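The structure appears right after this line, and notes come after that.
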Amino acid sequence: MGSKSPEGHNQAPHGAPNALDKPANPAVKAQNGSGSADLDRGTISNDDDDADDDEKETQINGSSNAGRIYLFPSRPAKFQHRPTDTPSTPEKKKKKRKRSKKKAKPTEAKQTSPPRVPLSTLFPSGYPVGELVADDRTSRVTDEETRYNSRLWDDGFLADYRQAAEIHRQVRQYAQRELIKPGATLSSIADGIEDGVRALSGHQGLETGDGLNAGMGFPTGLCVNHVAAHWTPNPGAKEVVLEKSDVLKVDFGVHVNGRIVDSAFTVAFDPVYDNLLEAVKEATNTGIAHAGIDARVSDIGAAIQEVMESYELEIAGKSVPVKAIRNITGHNILRYHIHGGKQVPFIKNNRRDKMEEGEVFAIETFGSTGKGYLDDDFGIYGYGRNEHVPATGLRLASARSLVKTIDANFGSLVFSRRYLERLGVKSYHLAMKNLIDNGIVESYAPLVDVKGSYTAQFEHTILLHSGGKEVISRGDDY
């Protein structure tokens, strides 16, 4: 989820780096390995049978040397030939060896389509690790650094992040296969993604406070063509249908205990836009490659811009350069805050900020065929609670009630009108306006380039530790 550059943009409610965290039965053993194996070899482990056969052989021949009838030991005793003129002694009934029953292997749990199996069921022993990238400069772990990391990251930190990342991977790959197609409505895509996230996290978010345990990190962004960021379907708005000529950005967050994974991708059905998508994807990977402990954000931005703006595409017979969008940035992520206090531009800049050990960053880039600068559009993408403004002195009872609902269910997480109505909140428009007017809640508008242009976005979340970095949201798709 892109962070708009500082010009006229307050980072709160999720921009305060010092904000407080929001709590958030054994088988019988056979002689030769198994009963079935013994039968296959033609041997039955019963010593009395061999002794009986030796006695009968001596009685028939009168001596051990003359006229011996050879009995082949490899042939099972019950199949040996007996003379017809010799009365046979009744054979002992042999007990049939019971074949040991093989224990049924536990059936491996598999994800459904649409995804509805909670991730804790699929991965009872731990969640998949992201892409690990060692840093030669820092790939040593001393006792002091281990203690330092333990202060930064508690015992559940990595497990929470890896769970959130795997939820993101499974849901987005389902969306790419089944949801994102020409003719699909954007509301159906958003609902499909968000239903999947809530199901896999095991938290539907309908009970008070449940959404703070796990679920959506922010509303699903579905931005078409010149709309670059911060657009989501809203109740009562005109339905938007995805066209074959569209370029769609899909940006959504998943959190577990406030640890937010922020990752985004772009889909285009017309190959004319392939170079635009490739430029932005390569730019994001360049940013990830340059990111690390002590890396300067100015160096990262310059490297990203150089790669992205080396691409161009041909539209309607004209060569069009890809421009790095200059007033939206990547950002660090804090617990329950999608935007921390640090920004990572994708253009040359003079910032002196450095990345530090223990930090979490969303490395994202946006490219455009337009002017490469975004303006606020009409409408509202979502809302966020300003934690620095107390909810006191509100005259409207509906406003007091609404802010209690927001604090109890979203805390400092960004939410949308769809999320309020899902909780059964009604007639909230006047109350919301009152909260915004008092600075208690902030609203966020869609961000757009010029009409007729096309924009693309790719984004990953990375964790920085003493051994290097973990691209926690990396998948087979991007």
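Here, residue 1 is simply the first one shown, and the rest follow in order.
Each residue, glycine too, has its Cβ placed from N, Cα and C.
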ASP251, GLU459 show up in Swiss-Prot as binding divalent metal cation 1; which entry in ASP262, ASP476 does that record put in the same site?
ASP262
In terms of Cα spacing, which of the binding-site residues HIS230, ASP262, HIS339, GLU459 are within 10 angstroms of GLU364 (divalent metal cation 2 binding site)?
ASP262, GLU459
Intrachain C-beta neighbours of ASP251 (divalent metal cation 1 binding site), sequence separation six or more, cut-off 8 angstroms:
MET1, GLY2, THR220, GLY221, CYS223, ALA229, ASP262, SER263, ALA264, GLN457, GLU459
Neighbourhood of the divalent metal cation 2 site (ASP262, HIS331, GLU364, GLU459): other residues with Cβ within 8 Å of the Cβ centroid, in order?
MET1, GLY2, SER3, ASP251, SER263, ALA264, GLY330, PHE361, ALA362, ILE363, HIS460, THR461
Three-class DSSP secondary structure - HIS339 (substrate binding site):
coil
Using the alpha carbons only, what distance in Å do you get between HIS331 (divalent metal cation 2 binding site) and HIS230 (substrate binding site) once rounded?
15
What residues, ordered by sequence, lie under 8 A Cβ-to-Cβ from HIS230 (substrate binding site) and sit at least six positions away in the same chain?
MET1, GLY2, GLY221, CYS223, TYR381, GLY382, TYR444, ALA445, PRO446, LEU447
Among the binding-site residues ASP262, GLU364, GLU459, which residue has the fewest other Cβ atoms within 10 Å of its own Cβ?
GLU459
